[in-house]
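Record features (Swiss-Prot):
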type	residues	note
REGION	1-28	region 'Disordered'
COMPBIAS	1-13	compositional bias 'Basic residues'
REPEAT	96-155	repeat 'RCC1 1'
REPEAT	156-208	repeat 'RCC1 2'
REPEAT	262-312	repeat 'RCC1 4'
ACT_SITE	994	active site, glycyl thioester intermediate
């Protein structure tokens, strides 16, 4: 029978190995097998065992066969003219070891055991080639071989590569030309991979999101990147019009992609027509195989120079490319430039029963060989696309139900596998992508939130997940991996409730922040772009996660290097989020502020570190390892910034005192004739010549004197300056200098705000001194009534004033310009009839050359308004403003001033008048002899609350030296009542302004109290 079958085959011309036709399959109801080119002996041998065949694998000159049970691999030599009838060699693993799958290269074979261990063999000697045990510690789920390199995908989602690397086909850079030690492809770390494939010297990986990465040899464009330069790191293939790819196949120097919609794309070498484009040209990018458009391709395979495609609806296999050995099944050995159906004879096309659901086609191509296997699905052909473990709703329900059952240990292993792997966790929550959908993020975060919420209902699962995140996943976060989908684990983790448990801040949140801080700028930008898409509530929750961690760290702050590193990472993380918020303006600044800093931060240490950091470019290692909180000003509320400013002032003053002391000691010791340095900056002024005296003395002092402690005395008055005299000094001085009658500033429209004049009546130096005085007031922790608009404080911080600032300075003008901007009428020019010239501060000027003849219209009106604002706030006052700024920053540290926002800076310089008189009464303190219910005190408060606002402000001047409050005093307005026993009702009320102490005689009548209070208000100046 066997001999007759062979003869019959010869007569029909279908058995010779070099011929094109396939061996006719036996009429088996169970399975059918076709070989192209035909090899009668091999065909018969395979067909007899087809029902138990688990895998067939081709490579140039060899066919490997794996049967059910996985006891061993049979390797057949495919030699021309042999018919493939030689006795195959058999490879077996160790005792009791089963084989799952096999793949072959040009000279090596890779065998994967059922328990996920890979073994490599030499194809000639069949000897086991041992490599280091790194893969023996992993469970491998997929393997693939190039000619001289291998890839392996682990269950944890890690991709390993080893072998030849002359063209970068390992994807690990060009560190070595080859290696026998498997290397992790770091570039794809964290990417949930679905499939891997290898060609002659190039490699490809398909992610679960449908993205394809390629690397290695590229002389024919087989990487699909649009050029022919080889790549030693995986690169994303683009230009697929958002098609989701479901399968990739690598030929020798060409590649093929199959999408979820059944479209076939090919690229790379086209010399033999293996791309199917009716051309022999190479393609550098994925190109659709037009001949198959309209059909749904369901399976593809690539040989060395040919390609196969199966259209299940038709029951036909199409082939194209090299037909040198008859591998196309076209009845000959000619090349085929476009897809044509495979034939089983010269006149009969292969036609499978496409309607059946019981059978499936297995299509194998390798070298110059094609194999078609039509078998029952129940035959259990090897699954070559085993995927990494992922999580879904069904898995969660099973986990919860498995507690203390026989499956419990298995369940715990599953939890550990998924929550220890960034790729597995990310792959669990991928969104389905439609072909027309553009999605920067492929995650279904709502699904993730729901599953996490369900999981955390069980404490044992919560604890186990926390342990997995801490011990494994966070240590494997892919900060080196540039693909965006590798970074999606960073989007996912903050959704995990364990990250928001306060006890986990050090074990989970800090490591997360440290990894993000190690990212490249490109990867960091991807994260920030994602954060910018978050809803307000989600974004706020993310900010709070890191802010809470900072607060928790401050609770245990001991200045150790580790804690400095922790806080540095957390603050850098908040800095990134704050940068995103500045663009989005989604959350108020207060969300980022850590109020606890005010009481937990050592401000003296903080200021000293700032000095050390500024003193040298190459800061000492000790300074570098210490976090400087004020480098992250967004975490400081205004009170903390003020405290930092005042601490800086105090240290400067103490430094000057110490320097003066050392100088005095040296002079005394050496009996030198030099003058000793004064430890203070002393001003003696006359009330009726206040401005004159101040300016004269300022011009005589050295710059170094200005930053000493200020002591002020008024001529002819007795008053030791412990703060109160300074307050009154600045109050009176600025009150005179800002008066419209004095002429130093202009008040547009008689408004309450003042601005610099276009043509000042004083020399520029006076504005310099005014800036010095403003800085001197701030340096000495004082507030002053300076009715500048917010625009001034913006300019001090190098920010541009806006139309809103002009509305504050000149309400009428601002309103008119707004009306101009809002008007969209067609008769705009007739209604407004204005030109690019302006009248401001009694001066006319052109905003642009020849502006008086250029009409403002709908097209240029925004430019007109912009130039108008710029003229008022910048161009018209440039000279005098620059002098003011120079004087101000001569006194104040610009770096610290720029920690403030404009509104905050205005509050700290100008103070506040948001009085709360009820709180003022509530905060009152009483020395012995008085209490809140004492008749005199009751009468005093009754009389006080009857006063007008202006009278109350005058009383504050009498009590404190100023009518303005610092930010820190808004809720702490205090007055201390003292009862001098020797005083009687004829004595007036007196005040110790430095300490807000009121000496109040025990008046017995309401009339006496009111008279005494009025006398104090009307005589609220002077000391002694």
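Every residue gets a Cβ built from N, Cα and C, even glycine.
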Quick check on the repeat 'RCC1 2' (156-208): DSSP residue counts for helix, strand, coil, in that order please.
3 helix, 25 strand, 25 coil
Cβ-Cβ neighbours of residue 994 (active site, glycyl thioester intermediate) (radius 10 Å):
17
Need one number: mean pLDDT over the repeat 'RCC1 1' (96-155).
87
What is the number of residues in the repeat 'RCC1 4' (262-312) that are helix, strand and coil, as DSSP sees it?
3 helix, 21 strand, 27 coil
When DSSP is mapped onto helix/strand/coil, what comes out for the residue listed as 'active site, glycyl thioester intermediate'?
helix
When the repeat 'RCC1 1' (96-155) is classified with DSSP, how many of its residues are helical, how many are strand and how many are coil?
3 helix, 31 strand, 26 coil
